[in-house]
Amino acid sequence: MTLPSGVERHDFGGETSLATQGQPVYGERTDGDWRRWDPHRSKLGAMLAHGMDTGLGGGETVLYLGAAAGTTVSHVADFGGPTYAVEFAPRPVRELLDAAESRRNLFPLLKDARKPESYAHVVEPVDVVVQDVATRGQARVATLNKQFLTDDGRLLAAIKARSEDVTADPDAVFDSVRAELSAEYELLETARLDPYHEDHLGIVARPRKD
């Protein structure tokens, strides 16, 4: 797998890890201008660490759903183009705003990813939608936001089984999510994100042509 331009492997205290160039956000280790992209704290980082073919090349316009305090989306903005970061909870948005201060291409939006009509007037067509909202109905969130993707764009989703049903077998949850997504997306690759994130599934997909 080829890493996106702007993402490299660096040594951090004897441990090789993915890294991007930018101001530190969450206390991560640094190597000069490079900061460690910790896959234990980032589902997209885990997808890249697993060698999934995300289709990212660098410079893409991105819609990031479930940005939280900016841990992952700050890395995305380090190597991406315009990056729209949707987060519903006010408290983490304050930290997200801090991450955006040194990233002129990162645009925090205090919005609900389940209501894309509330930010449709702001977000331009994007090359990538990252679905990182850990709530029931994760596939529906990805489907609702398909409208922003270009025809050859990519969905990069991290599905948390316990957010869908804490009592169900994770494999059954993942089967259900894959089936729901398949109505709107062509699934290109899926992989469990262990050992970085237990009971999570990484998904790479593209919009189905009408």
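From the backbone N, Cα and C atoms, a Cβ is placed for every residue, glycine too.
Taken from Swiss-Prot, the feature region 'Disordered' applies to 1-34. Feature annotation from Swiss-Prot assigns S-adenosyl-L-methionine binding site to T71, T72, E87, F88, D112, A113, D132, V133, A134, T135.
DSSP gives D132 (S-adenosyl-L-methionine binding site) a coil state; it is part of no helix or strand. The C-beta environment of T71 (S-adenosyl-L-methionine binding site), restricted to residues of the same chain at least 6 apart in sequence and closer than 8 Å, consists of V25, Y26, R41, S42. The DSSP breakdown of the region 'Disordered' (1-34) into helical (H, G, I), extended (E, B) and coil residues amounts to 0 helix, 16 strand, 18 coil. In sequence order, G66, K160, S163 are the residues near A134 (S-adenosyl-L-methionine binding site), counting only same-chain partners six or more apart with C-beta under 8 A. Look at the binding-site residues E87, D112 and count other Cβ atoms within 10 Å of each Cβ; D112 has the fewest.
In the three-state DSSP assignment, the secondary structure recorded for E87 (S-adenosyl-L-methionine binding site) is strand. Maximum intra-site Cα distance, S-adenosyl-L-methionine binding residues T71, T72, E87, F88, D112, A113, D132, V133, A134, T135: 19 Å.
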